Amino acid sequence: MELSDFHWSDIITKVVAAIVILVITWLLAKFAKKILAKQFTKIKALNRQDGTGDSLGESLSTIVSLIIWVFGLMAVLNLFRLNQVTAPLQDMVSTLLHALPQVLGAALVMFIGFVLAKIARELVVTALQAANVDRFADKLGSSANQQLQEGTNGGQHEAPQHLQGDQQGLGQAHAQAQAQQGGAEPIKISTMVGHLVFAVVLLVVAISALQILGIKSISDPASHMLKLILDTLPLIIGAGILLAIGGVIAKFAGNLLENLLRGMNLDRAVSNLGVETENIDIAKTLAKIAQIAIVLFFAVAAANVLHIPQMTEILNTVLNIGGRVLFGAAIIVAGVFVAGLLAKMVTGRTGEIVKIATIVLFAAIGLRYMGLANSVINLAFGAVVVGGAAAAALAFGLGGRDAAARQLEKMQRQADSAPKQSSSPDQGV
């Protein structure tokens, strides 16, 4: 092929057109990158730096300029009719253009959902703060801490009022010092509920965005998970309401029972039976036991609402074992009272023996009712009885050794004198 066979005019025209296209592409890419980078700097969310040290706005503007370069290069390749090279690029670009509306729609849905989630969070937090939920929760927490401190310090004498005031002042000063030093404040109930609402709304919006993108491998499991969460959420709220009601009822019933027992002078009655109760507040102890039982009962009801059979079975087992242990302990305590009464009725060493025997008997009955190793209790009780019998036999045997020797000697003398008396009539004949 000679040089005259080439269409030089067409080649020169295509080269000039390719140069013009490349220049225009370069200008458009540079102009778009500059304008977009300038506009993106006005958005605070896009000013964060990525792994390369550039901001997100600069990265997005670079991507836009590269896309412009791809279109320009494809135009140049089509100008020279290089279809084998441009076919894969055209397929890729057509796929991107086909998915671009879905991507933009998903991004728009995510943006709107994010704004709605923030608005919902602010509404919930404001409503709960207006309802003084945080203050009510603080009161409940402070009352619980006060009861806990009273329970731990129940056996100690109360400090004078001026010392208590000094201690409270020191505690408040310590808390203020921690706040001034930048210590992390505990999260409030309103803030926690607001974050929960924000997460739920954002999760719903994210699943909707995935459905718009048509990514079924992610959207279908996420939709199923969301359905489970939305179905379980009312059950969780109902269980929480039951637990809250149980806590209120337990507190009310415990205070009522404690006041009733104090009005009956239970501590004085127990002291009159000979049981020392200086370090034990019986009324408060029984009230605490009643409160725990009520809370456990409502916990079982809450577990039934949640449809969790394993948790329900565990709580039922705890209630069953706890009831048996409490009743067994009541039997043992009753045995101590009965032993004290019997010891007062029977004086001397016999009274002490009767008291110990009564306590051992009631302790065995109580432990057996608790179900704590019945075979071991039977063996122990049998061992005590056999040991007592053996001890009595040994004591009688060792203590009556001299008397038994005298009795045997007397019997021997009688046996020796019997033949002499029988032989005397024969001699007279």
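Heads up, the Cβ atoms here are built off N, Cα and C, so glycines get one too.
Just so you know, TrEMBL annotations are computer predictions that nobody has curated.
Database features, via TrEMBL:
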- 6-29: transmembrane segment (TRANSMEM)
- 60-80: transmembrane segment (TRANSMEM)
- 100-120: transmembrane segment (TRANSMEM)
- 147-167: region 'Disordered' (REGION)
- 196-215: transmembrane segment (TRANSMEM)
- 235-254: transmembrane segment (TRANSMEM)
- 289-309: transmembrane segment (TRANSMEM)
- 321-341: transmembrane segment (TRANSMEM)
- 353-370: transmembrane segment (TRANSMEM)
- 376-398: transmembrane segment (TRANSMEM)
- 408-429: region 'Disordered' (REGION)
- 419-429: compositional bias 'Polar residues' (COMPBIAS)
Highest-contact recorded stretch vs the transmembrane segment (6-29), from 60-80, 321-341, 353-370, CB pairs under 8 Å: 60-80
Contacting positions for the transmembrane segment (321-341) when only residues 6+ beyond its ends and CB under 8 Å are counted: 270, 273-275, 289, 293, 296, 354-356, 358-359, 361-363, 365-371
Beyond the flanks of the transmembrane segment (60-80) by at least 6 residues, Cβ under 8 Å: 14, 17-18, 21-22, 24-26, 28-30, 32-34, 36-37, 40, 46, 54, 86, 89-90, 93
Outside the transmembrane segment (196-215), six or more residues from its ends: residues with CB under 8 Å to it: 99, 102-103, 105-107, 109-110, 112-114, 116-118, 120-121, 124, 222-223, 226, 229, 233
